[in-house]
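Participant: Sending over a structure as structure tokens; questions will come in a sec.
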Amino acid sequence: MPDMDPETTHTEPAVDEEASLFSTMDLLLFSVIVGFVVYWFMSRKKPEPIPEFKKLDTPTPTTRETSFIEKMKKTGKNIIVFYGSQTGTAEEFANRLSKDAQRYGMKGMVADPEEYSMGELSRLSEITNSLAIFCMATYGEGDPTDNAQDFYDWLQENDDEDLSGLNYTVFGLGNKTYEHYNAMGKYVDKRLEQLGATRIFDLGMGDDDGNLEEDFVSWREQFWPAVCEHFGVEASGDESSIRQYELKEHTDINMNKVYTGEIGRLKSFEVQKPPFDSKNPFLALVTVNRKLNKAGDRHLMHLELDITGSKIRYESGDHVAVFPTNDSALVNKLGQILGVDLDVVISLNNLDEESNKKHPFPCPTTYRTALTHYLDITHPPRTNVLYELAQYASDPKDQENMRKMASSSPEGKALYQSWVLDASRNILAILEDMPSLRPPVDHLCELLPRLQARYYSIASSSKVHPNSIHICAVVVEYETKTGRTNKGVATNWLKNKLVTDNGHKSTVPMYIRKSQFRLPFKSTNPVIMVGPGTGIAPFMGFIQERGWLKQQGKEVGETVLYFGCRHKNEDYIYQEELEGSEKNGVLTKLNVAFSRDQDHKVYVQHLLTKNKEHVWKLIHTDNAHIYICGDARNMAKDVQTAFYEIAEQVGVMTRTQAVDYVKKLMTKGRYSQDVWS
């Protein structure tokens with residue numbers, strides 16, 4: 001091998017120099033050994049298969065947990081009900097529709113779109129007689145709910161998706177007092193059709209400002225016959241109660257394994273770990289809790305929550321979500337009327353072992369914890385709860401009335417409206433007024449909806465208060481037609497969150513929900529803020545931030561506030577702060593409407609039209625941004641009408657042109673609303 005010659009020539013002198021150490025025989029043996037080693041290595045380079053180094057075939061990856069198609073095939077399901085839910089109602093409706101499927105010889109499963117790959121919708125045709133139902137709530141200003149955001153993005157981005165094999169229907173949940181009524185339900189319904197899917201029943205729309213339950217029941221009564229006709233199936237006629245969970249009582253359990261109110265991870269309130277969100281709230285210390293109003297029969301309050309060390313970040317206009325607990329007196333009364341030991345440790349386990357939802361609430365836990373932390377016991381129960389509980393009424397008349405209220409008959413609807421909704425009867429009131437009804441507490445716990453987080457507009461700026469979140473709220477308390485006093489769960493719970501209570505510091509489980517309610521990017525843009533009552537909350541943050549910007553030497557545009565309350569000497573909240581901000585120039589103009597301090601009512605919309613020339617200049621000439629916060633049912637509509645009138649009178653427009661002008665402001669992000677009904 002010629003390439004070895006130089007090496008051989010080079011090594012020879014070294015051998016001669018050490019002749020005294022090696023004999024001729026040694027050299028001969030050494031040469032033989034080297035030759036053998038070289039031959040062995042060269043022979044190894046031949047392209048022969050070497051089993052011990054052969055690449056192993058990798059097994060086909062198992063189906064990801066995000067495949068709802070594989071789960072449906074595995075469990076024999078043919079109906080899937082997706083929900084987009086912010087307050088739990090859409091999820092509740094989805095569960096009811098899934099249970100309905102069993103009565104029609106089908107098998108349904110409920111799915112959170114956030115947990116699955118929605119790109120698999122095109123594969124649903126692989127399952128015979130398959131159907132996708134979408135219960136989609138609209139949140140805020142026509143937005144998807146948090147858990148449906150990714151699904152919404154997917155629908156928008158995938159123009160080439162072929163859903164021609166998909167059978168679907170949509171039920172939307174909305175509120176007519178909002179500008180974008182049922183926007184999410186309408187969008188999903190239309191978009192699925194555009195992508196080739198087959199709508200097997202018309203879009204249903206529920207109005208929470210009217211009677212959402214009645215809207216759903218009426219739609220559902222027509223929906224299932226349409227499904228039967230489409231797939232050629234018949235109802236089984238079985239209208240009996242179908243349990244979803246089975247009860248297990250724990251007689252000997254380590255109490256460290258028992259949930260005591262945690263939302264997600266066990267012991268998460270003892271050992272806090274960021275990031276903090278809806279499944280892992282932060283326990284914030286209450287550092288301030290003071291009454292805002294000077295007089296009157298209402299209680300308006302200001303709370304400050306300490307978020308030091310939490311790594312929580314927020315912006316002015318965001319919402320803080322808090323997880324309240326039910327009044328212990330109500331919980332105790334429920335335990336007494338049902339004759340149960342509330343401190344028994346239990347688990348409610350899903351009978352469908354393949355379901356992602358193993359329990360209706362964190363388990364194992366006690367009945368007391370479930371009724372205090374996890375279940376909604378103060379809202380009037382929906383008709384499905386009455387229907388399921390009817391079997392436990394020993395009086396046939398009570399059974400008949402409960403089933404009638406759950407029906408879609410005009411008489412049943414009217415009875416439910418008057419006896420349950422108009423009378424504001426919660427589950428305790430129903431049990432008290434129907435002595436023959438004594439359901440098992442475990443079935444009641446299965447049926448009651450989850451107690452939801454409550455959202456409040458943050459009343460502070462993180463530029464000024466980086467480690468503190470401020471809340472402004474009015475305590476809800478009213479007398480019902482039955483003479484009972486009903487109290488708002490969250491506001492009464494917050495009211496009692498004293499800074500120190502018997503030596504203990506009060507805490508509030510919370511997290512931040514981002515909002516689109518934002519100050520203009522350019523600080524030079526003027527802002528017009530309209531927020532009567534507790535609607536002033538986000539504007540306290542806006543004012544603080546505009547003041548901070550001025551302190552930084554930034555040029556800040558006009559900052560105008562329209563605030564309203566009943567009486568100057570009673571409920572003019574934040575009076576000192578607001579008047580101080582006007583005095584130091586942060587607030588360019590403070591306009592306050594005292595609605596009941598004179599013979600005729602004066603509201604914020606009246607002050608807007610009174611200052612119409614200035615308002616129109618700010619909007620039309622100076623590029624002002626408008627912000628509305630508060631009541632959606634009346635105030636927001638009246639204020640919007642005032643802006644129409646200003647555009648007509650000062651801008652010399654027709655009503656049609658004025659409406660179009662305001663809509664364009666909304667589209668450009670210059671007319672924002674943070675409203676509730």
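Heads up, the Cβ atoms here are built off N, Cα and C, so glycines get one too.
Any TrEMBL annotation is an automated prediction that lacks curation.
According to TrEMBL, the feature transmembrane segment maps to 20-42. What TrEMBL lists as domain 'Flavodoxin-like' is 79-224. The FMN binding site feature in TrEMBL is assigned to 85-90, 137-140, 173-182, Asp208. TrEMBL lists 279-520 with the feature domain 'FAD-binding FR-type'. Residues or ranges marked as NADP(+) binding site by TrEMBL: Arg298, Thr534, Ser595, Arg596, Lys601, Val602, Tyr603, Val604, Gln605, Asp638. Residues annotated as FAD binding site in TrEMBL: Arg454, Tyr455, Tyr456, Ser457, Cys472, Ala473, Val474, Tyr478, Gly488, Val489, Ala490, Thr491, Trp676.
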Participant: Cα of Gly88 (FMN binding site) to Cα of Tyr456 (FAD binding site): how many Å, rounded?
Facilitator: 17
Participant: Rounded to an integer, what is the Cα-Cα distance in Å between Ala137 (FMN binding site) and Trp676 (FAD binding site)?
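Facilitator: Cα of Ala137 (FMN binding site) to Cα of Trp676 (FAD binding site) measures 15 Å after rounding.
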Participant: Tyr181 (FMN binding site) to Ser595 (NADP(+) binding site): how many Å between their Cα atoms?
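Facilitator: Roughly 30 Å, rounded to the nearest whole number.
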Participant: Which chain-mates of Gly488 (FAD binding site) that are at least 6 residues away have a CB under 8 A from its CB, listed by sequence?
Facilitator: Val475, Val476, Glu477
Participant: Do you know which of the binding-site residues Arg298, Lys601 has the most other C-beta atoms within 10 angstroms of its C-beta?
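Facilitator: Answer by Cβ density within 10 Å: Arg298.
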Participant: Between C-alpha atoms, which of these binding-site residues comes nearest to Ser595 (NADP(+) binding site): Ser85, Val474, Ala490?
Facilitator: Val474
Participant: Run through the domain 'Flavodoxin-like' (79-224) and tell me, per DSSP, how many residues are helix, strand and coil.
Facilitator: 64 helix, 35 strand, 47 coil
Participant: Looking at Cβ-Cβ distances, which residues of the chain lie under 8 angstroms from Cys472 (FAD binding site) while being 6 or more apart from it?
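Facilitator: In sequence order, the residues whose Cβ lies under 8 Å from that of Cys472 (FAD binding site) (at least 6 apart) are Leu292, Leu300, Met301, His302, Tyr456, Ser457, Ala459, Thr534, Ile536, Ala537, Met540, Ile573, Tyr574.
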Participant: Could you measure the widest C-alpha to C-alpha distance across Arg298, Thr534, Ser595, Arg596, Lys601, Val602, Tyr603, Val604, Gln605, Asp638, the residues recorded as binding NADP(+), and give it to a whole number of angstrom?
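Facilitator: For the residues that bind NADP(+), the greatest Cα distance is 24 Å.
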Participant: Tell me, in order along the sequence, which binding-site residues from Gly140, Val474, Trp676 have their CA within 10 Å of Arg298 (NADP(+) binding site).
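Facilitator: Cα within 10 Å of Arg298 (NADP(+) binding site): Val474.
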Participant: Using a 10 Å cut-off, grab the number of neighbouring Cβ atoms around the Cβ of Tyr181 (FMN binding site), all chains included.
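Facilitator: For Tyr181 (FMN binding site), the 10 Å Cβ neighbour count is 17.
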